[in-house]
Amino acid sequence: MKGIIEMNQNDLKALVGQAAVDQIESGMVVGLGSGSTVAYLIKALGKRMQEEPLQIETVTTSRQTMQLAQAVGIDCRQIDEVRQIDLTIDGADEVDADFQGIKGGGGALLWEKIVNQSSTRNVWIIDESKLVDRIGRFGVPVEVIPFGSQKLFQILADRGYHPQWRMQGDQLFKTDEGNQIIDLKTGVIAHPHALARDLASTAGIVEHGLFLDAVDLVIVGRSSGVELMKAHR
């Protein structure tokens, strides 16, 4: 039964990846997010570029995404090499009814947020399992610098955020910037903007995984097909 569920979820990811490619027009600079759903987008985009003269440049939110994109012939640039980013397509770990999101399950939240805020338009691609009434059950990833990280961990614990170190095997997970990830097991978040302000004002935290008021369109893969949900902001 588990294998069937995973296959269905993969089918939904492929579905939204294909749908997201339709948002891309020739001449655009496109931000490519990170994660398993974006991998399907990249595969579909590479196929489209082989079939038609689609001229685009891309900026990626992780080294892994860059490798995937280059493998299918997609032109990747550094973010400071482009004049603007017209459209960014990324995944999300949770999206609630107010279009607030949590991202960073793959550990790329810092680059993802920089590309997000630099983009004229942001689209998230998810399967229906990522839709929630209120964000928080997934947990909130925070990227922290190594210096003083044990002290910071204790500060977050004292605030009742139930921190856990992100591990990779028996080692601390390292981001593309060489930082560490602490996952906050907050449960449902009643006031996400207040939490975001608290985390942003805490020394040692480079970035947090709360993506608030940060998306224009969510493309959802459902068993009945693809749904386009326009954010009301």
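Cβ coordinates come from backbone N, Cα and C, glycine included.
Please treat TrEMBL annotations as automatic predictions, because they have not gone through curation.
What TrEMBL records for Glu112 is active site, proton acceptor. Look at TrEMBL and you will find Ser34, Gly35, Ser36, Thr37, Asp90, Gly91, Ala92, Asp93, Lys103, Gly104, Gly105, Gly106, Lys130 tagged as substrate binding site.
Overlay of TrEMBL feature records on the structure.
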residue: Ser34; record: substrate binding site; contacts (Cβ under 8 Å, 6+ apart): Thr60, Thr61, Ser62, Gln64, Thr65, Asp90, Gly91, Gly106, Ala108, Trp111, Glu112
residue: Ser36; record: substrate binding site; contacts (Cβ under 8 Å, 6+ apart): Lys13, Gly91
residue: Ala92; record: substrate binding site; contacts (Cβ under 8 Å, 6+ apart): Gly101, Ile102, Lys103, Trp124, Ile126, Lys130, Phe211, Val215, Val218
residue: Gly105; record: substrate binding site; contacts (Cβ under 8 Å, 6+ apart): Gly35, Asp93, Phe138, Pro141, Gly209
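Residues Gly33, Val38 surround the recorded substrate site, their Cβ atoms falling within 8 Å of the Cβ centroid of Ser34, Gly35, Ser36, Thr37, Asp90, Gly91, Ala92, Asp93, Lys103, Gly104, Gly105, Gly106, Lys130, which are themselves excluded. Other Cβ atoms within 10 Å of the Cβ of Lys103 (substrate binding site), summed over all protein chains shown, number 29.
In the structure shown, across all protein chains, Asp90 is the one of the recorded positions Asp90, Glu112 with the greatest number of other Cβ atoms within 10 Å.
Across the residues the record lists as binding substrate (Ser34, Gly35, Ser36, Thr37, Asp90, Gly91, Ala92, Asp93, Lys103, Gly104, Gly105, Gly106, Lys130), the two Cα atoms farthest apart are 15 Å from each other.
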